């Protein structure tokens, strides 16, 4: 039991580290030669190659084809090349701390609202409390854009759009019965098509970047964020369940905000700190409640 707990904890720490490093590394490169399009290309060319064996071997190809062209295109729009381009453009206009807070917070917010509207799932009191806290956090981040010249309101709006897009993806894979690995393989491989097109037709800054930067971004964005994070998250959810697994995620905004502040020299205001606090509370509240209720139930049955 102790070994199992250590393995799950290690997986959670690794997942949080990947997300945090991904955002800081993306912001670093976007301040240099590589454009938002270039960073998106790197992500999907690497991730697409890594997921290609999933289709070639086993029954991955049959699962892929059974989805049909319409579902494949819809999933790719909401979680593939367009989705990541929105994120990277937002990062280029704001900061690593912004994408790590507003993006995941918006995903939680829209996941609740879309589940209520499209899946007819009735949210409970803690879900509404979480929604209000996240909404407050987003409003604080939006207000902060008027206080800091280097932070763009448009970039913040793109992260809110990102939240809507990924939430739609989550709702659709649930409705269509698509597992996490298949969904990620679909969007990664299909996104290679626009990635190759823009690599040839657009000035992405990839050919101007240093070899070391390209290799590091390929590892961080493609191998770690594009493939390893999906495996780690799926493993944690399988071991703990989705609610307890979500308890790892609120630490991402905190770590990324501090990383951006110390390593990239990003501006950090009191308003932004309050926004992060509201986001973290909103993201953690549902998981904490489930964890607490399970402990009470466990003690009651003894």
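In case you wondered, yes, glycine gets a Cβ from its N, Cα and C as well.
Features of the protein shown, as given by TrEMBL:
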TRANSMEM  7-28  transmembrane segment
DOMAIN    12-142  domain 'EamA'
TRANSMEM  34-57  transmembrane segment
TRANSMEM  69-86  transmembrane segment
TRANSMEM  98-118  transmembrane segment
TRANSMEM  125-147  transmembrane segment
TRANSMEM  153-173  transmembrane segment
DOMAIN    154-283  domain 'EamA'
TRANSMEM  180-199  transmembrane segment
TRANSMEM  214-235  transmembrane segment
TRANSMEM  247-264  transmembrane segment
TRANSMEM  270-292  transmembrane segment
Across the domain 'EamA' (154-283), average pLDDT on the 0 to 100 scale: 90
Composition by DSSP (helix, strand, coil) of residues within the domain 'EamA' (154-283): 108 helix, 0 strand, 22 coil
Same-chain residues at least 6 beyond the ends of the transmembrane segment (214-235) whose Cβ lies under 8 Å from its Cβ atoms: 8, 11-12, 14-15, 18-19, 21-22, 25-26, 29, 34, 39, 42-47, 50-51, 180-181, 184, 188, 206, 245
DSSP-derived helix, strand and coil totals, residue by residue, for the domain 'EamA' (12-142): 114 helix, 0 strand, 17 coil
